[in-house]
Amino acid sequence: MWYLSFWIFPLISAFTWLGMLLAMFIVWEVKGHPHYASMSTKQHIAYISDIGAQGLKPLFIAGCCVTTIFLDLSFLSERWLRHKGQLARNTGVAEKWLSALSIVFAIAGTCGLILLSIFDTLRHPHLHDGFLLLFIAGYLLSAVFICAEYQRLGVHFREHRILRTSFWVKLAFILVEVAIAVSFAVTNFTNGTENVAAVLEWVVALIFTFYVLTFFIDLLPAVRNKHHTGSGAPQVEMGHANGGSHLTDGYSSNGQVPLNGQSGYADEPHINGVGHRTAAGGDRYYENGGYENGPLPGQHKPIAAQNF
C-alpha cells in the first residue's frame, strides 16, 4: 500500500528545487532577458545567482532552504531505516562510517547552498563564490561516500537489484557533475566565456534534481518492509496465486536465518504432488547430500548437493 512515508522527503526536495529553477527562468524570459547589475558587460545569459540576487531573492532563499533540508532528511531517513532493518542493513563498521560521512558532507553542502542564496553575487561576490564551491564539493563528496556504501551493500545483498541500480545512477551523477563542474569553473573565471558558464550552471542545477530523485528509489522499499524489524536484509515476500510458494530475501517464513546464510525458500511449489523440503521449512538440505529428517516419501537421498 502507498502511504506517506520517508520517500516523500526526496520528492519534496526535488520538486521544490525544480519548481524554483523553472520560476526563476520563466521570470527572466518574461522580462525579456534583462541585463542585471551583477552580470558582466559581455554576458547575455543570466546565472541562477544573478536572477536570485534581484527581486526573486526571497524565492531563491526559501527554495534552497526547503530543498536542502528535505534532502538531508532523506539521508538521515536512509540511515535510520537501515538501522531498523526496513532497508538492507549495513553489514560492517566501514559501511556505517561511509553512511555517516555522506551525511556530514551533505550537511556541508546544505550550508553552502543556503549561505550562497543569502550572500548573493551582487553584494557579496567573493563570499558567494566560496559558498558555491562548498555546495558543489559537499554534495559531490557526499555522493562519493554513499556510492561507496551502496557498492559494498550490493556485494552482500546481490538479490536486491535496487542497490545496484542506485549505485550506478549515483556513480553516473558523480562523473557527469564533476566533468560539468570543472568546465563551469574554467569558463566562469575566463573572460568572454560567461555565457557558456551560465548555461553549464543551469545544466548542473537540473542534473542535481535527478540525483535527489534517486533517494526516492532508495527509500521506497521501506514501505512494504515497514513492519519488519529483524536483523539482516529486510523480508520481501512474493506470493504465488496458487498459494504454492514465496521467496524471502535473507529469511525463512518463520524468521529463521537459512542454512549457511543463503537466501531461503519456504513452502515451495508441489512437483508431482510431492512437496520440497528446504532450509526455510525445517528439514534442512546439506551440501554433503541428504535431509536432516530423511528423504521425502518415494525419494532417495541425493548423492551430492545440486545447484539450484
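Cβ coordinates are placed from backbone N, Cα and C, and glycine is handled just like the others.
Caution: TrEMBL annotation is automatic and unverified by curators.
Source: prediction; values computed, not measured.
As annotated by TrEMBL, domain 'CWH43-like N-terminal' applies to 5-220.
Taken from TrEMBL, the feature region 'Disordered' applies to 258-308.
Under the heading transmembrane segment, TrEMBL lists 7-28 (among others). For the transmembrane segment (7-28), the list of distant contacts is 34, 46, 48, 51-52, 56, 59-60, 62-64, 66-71, 73-74, 77, 202, 205-206, 208-210, 212-216, 219-220, 222-223: same-chain residues at least six beyond its ends, Cβ to Cβ under 8 Å.
Look at TrEMBL and you will find 59-76 (among others) tagged as transmembrane segment. For the transmembrane segment (59-76), the list of distant contacts is 6, 9-10, 12-14, 16-17, 19-20, 23-24, 48, 51-53, 102-103, 106-107, 109-110, 113-114, 116-118, 120, 142, 146, 212, 215, 218-219: same-chain residues at least six beyond its ends, Cβ to Cβ under 8 Å.
Per TrEMBL, the feature transmembrane segment maps to 97-119 (among others). Listed as Cβ neighbours of the transmembrane segment (97-119) (distance under 8 Å, sequence separation of 6 or more from its ends, same chain) are residues 49, 52, 57, 60-61, 63-65, 67-69, 71-72, 75-76, 78-79, 82, 90, 127-128, 131-139, 141-143, 145-146, 148-149, 152.
According to TrEMBL, the transmembrane segment annotation covers 131-150 (among others).
With a threshold of 8 Å between CB atoms, the same-chain residues lying at least 6 positions outside the transmembrane segment (171-190) that come near it are 136, 140, 143-144, 147, 196-197, 200-201, 203-204, 207-208, 210-211, 214. The transmembrane segment annotation in TrEMBL covers 171-190 (among others).
Per TrEMBL, the feature transmembrane segment maps to 196-217 (among others). Counting same-chain residues at least six beyond the ends of the transmembrane segment (196-217), those with a Cβ under 8 angstroms from any Cβ of the stretch are 7, 9-11, 13-14, 17-18, 21, 25, 43, 45-49, 67, 71, 74-75, 78, 136, 139, 143, 162, 165-166, 169-170, 173, 176-177, 180-181, 183-184, 187-188.
Per-residue pLDDT, averaged along the domain 'CWH43-like N-terminal' (5-220), amounts to 88 for this model.
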